[in-house]
Amino acid sequence: MKKLRYVHLNLLLLLLPLINLQFPTLSLAQDYDEPKKDDTPPPGLARCNGVYMSYSSGGREKLYPRTTNATAQAWSFKSTAMIVNTGIEEVKGWQMFVGFHHREIIVSATGAVSSDGDFPVDATNGTTFIGSQNTDLKTSILTAGDYTQISTNIEITGTVFGGKGTATPMPKSIKLTNDGWQCPAATSKGGTMQVCCKRNPKFKAKEKVKTKFMPRQHGDLNIIYDVLQAYASSYMAQVTIDNTSPLGRLDHWNLTWEWMRGEFIHSMRGAYAAEKNTLECLSSKAGQFYGDLDFSQVANCQKKPIIKDLPAERKDDNVTGKLPFCCKNGTLLPTHMDPSKSKAIFQLQVYKVPPDQNRTAFFPPRNWKIDGIVNPTYKCGPPIRVDATPFPDPSGLQATTYAIASWQVICNITKPKPQAARCCVSFSAFYNDSAIPCNTCACGCKDIDTDTCNANARQLLLPTDTLLVPFDNRTLKAKVWAKQKHMAYPKKLPCPDNCGISLNWHLNSDYGNGWSARVTLFNWGNNAVEDWFGALDLGKAGLGYENIYSFNGSRVPPKNQTIFFQGLPGMNYLIGITNGTNPARDPQIPGKMQSVISFKKKNLGSLNIIGGDGFPKRVFFNGEECELPKYFPKKSSGMRLSGIRFLPSILLAITTFHAITDRLLTGV
């Protein structure tokens, strides 16, 4: 019996190959139960001759905390974006904009980074993705259709607010934002949005030098991280900060970043670290590796160092100074104010730890942030590798040397959120005896007790002279004024604006050929503001700018609708708040400077000065955008306008000029 079973087994083994040959699909079906993969490209991709982009939404899950308010409920979502070069031209430094509009927060994106900064990114108004590794999209022709070189898939994970059900809300649009490309409106079907972008035939590209890495970008603040010298365990880096915005500014700047691979700063020139903790160095990975190093002489071992500019007296110091554009006490001004103060440079010796112990291992720090005092808020993107920076040869010969490696970080000015500004504006006009003060909590209400005041109430109208009085001394006057004008006021009065700097825009006159206004700056802080500047965006009416009498003024190109102004030479100093004549009785007096501005109406068509054209659309102080009132002063019925009102304005400007001069000369 055993012999018979053995014969049957051998016979079966001999027949198996014949069965497989005769019925090949039988064995395949038994071994593999998965359906055949469909490699057919999307119809839009097959028809596109240019750059194809798509966005596909996945499901979403409800996050904590759970709330009954549907618009406040947070959901996690996943989606996939794809960009493919289907044309005959390589796309350098591709930039894909996704028009999110449901308060999305992008937590991660594989294959790409956001130009708005490191994750998580607030994408409420959309965000632009750029390649993290595959920064350029080569053509299918030159790569034999290698998808890894002609395309990038972006797996997006994030948080979205509001909506119903488990379907993820779709973005408004997707488009390629590179120069010279145009995209039609994207088409949507189901949970997928797609578009085919093509070259704009009318676009005339500027002649560009071919680059190995991503071309350098333009922003409000341009930071370059150059590696100048390289050793096995360390390298010398130079950081250059360029203020390229006509309205950008930083005072006492603080720069911070995050080391990602255990590096530390051994020494610095042209700047210094705010904190120096030897114990932190000894307990780090670097302290274990560099056992014989005297860490008491090390500049900083923090993962997130805070770096500051040196004061001016250190400029010629042999150890810490003697660098061009260094040592200005953290001041960065616009180029047209002072080119020598529009740039900052410092150098640092960076020590590395294993496994980066070779001369070609460079990893720039990430999560760059920079801020100042009463300055605009900057949002910095990730460091992007660019072609090496050229430098004049230090020998003095007509030769050029290059950095070993260079990265660029772009920082742009962000618009302040409501109740988060650092300066505010009040409105008044010659045809109304009530002034509209700064908005409630214009600069935030975090440091006050909102139980005693209403943080959301509209401010009470005031007599114009009350704008000179600190907020704490306005309450009684505001109530009396409301009673005189038969205006109701709430039992719980509005909270203050809490701004250290405020501006008053007073519409002074409106006549046939022109109009005038008076701008007044108030400093409610204890510290004086040096080298201040302001800017007024007046829209179409700004084209008629004629003169500003007590300040230096000029138009800001290219639109010429924004008026830039600063103090006259030797008078660009806005003092802080001071005590009244009798401190026990009189309120404090803010630092104040003012001037009249005149405008023409010729060749500007119809202007409704009182209806809104005579009030600024945006106001800036030291680069920071100030919060504006939500409405204008109303014209009283029956009031006539007279051009003769312009004469007192000029006299007021002259009087103000002499008063400021006398105050500065006497030191009061």
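Heads up, the Cβ atoms here are built off N, Cα and C, so glycines get one too.
According to Swiss-Prot, the protein has these features:
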type	residues	note
SIGNAL	1-29	signal peptide
CARBOHYD	Asn69	N-linked glycosylation site
CARBOHYD	Asn125	N-linked glycosylation site
CARBOHYD	Asn254	N-linked glycosylation site
CARBOHYD	Asn318	N-linked glycosylation site
CARBOHYD	Asn329	N-linked glycosylation site
CARBOHYD	Asn358	N-linked glycosylation site
CARBOHYD	Asn412	N-linked glycosylation site
CARBOHYD	Asn432	N-linked glycosylation site
CARBOHYD	Asn473	N-linked glycosylation site
CARBOHYD	Asn552	N-linked glycosylation site
CARBOHYD	Asn560	N-linked glycosylation site
CARBOHYD	Asn579	N-linked glycosylation site
LIPID	Ser636	GPI-anchor amidated serine
Exercise for the section: Note down the number of other Cβ atoms within 10 Å of the Cβ of Asn560 (N-linked glycosylation site), including every protein chain shown. Expected result: 12
Problem - Distance [Cα-Cα, Å, rounded] between Asn358 (N-linked glycosylation site) and Asn552 (N-linked glycosylation site) - result: 55
Fill in the blank from the handout: Min neighbour Cβ count (10 Å) across glycosylation sites Asn69, Asn254, Asn358, Asn412, Asn552 flags Asn69
Problem - Asn432 (N-linked glycosylation site) CB neighbourhood, other CB atoms within 10 A - result: 19
Handout entry: Packing count at Asn579 (N-linked glycosylation site) (other Cβ atoms within 10 Å of its Cβ)
Key = 11
Problem - Closest of Asn69, Asn412, Asn552, Asn560 to Asn473 (N-linked glycosylation site), Cα positions, glycosylation sites only - result: Asn552
Problem - Alpha-carbon spacing, Asn254 (N-linked glycosylation site) to Asn125 (N-linked glycosylation site), which is rounded to whole Å - result: 27
Practice task
Report the same-chain neighbours of Asn125 (N-linked glycosylation site): residues 6+ apart in sequence with Cβ closer than 8 Å to its Cβ, ordered by sequence.
Solution key: Phe100, His101
Practice task
Mind checking which of Asn318, Asn329, Asn473 has the fewest other CB atoms within 10 A of its CB? They're the glycosylation sites.
Solution key: Asn318
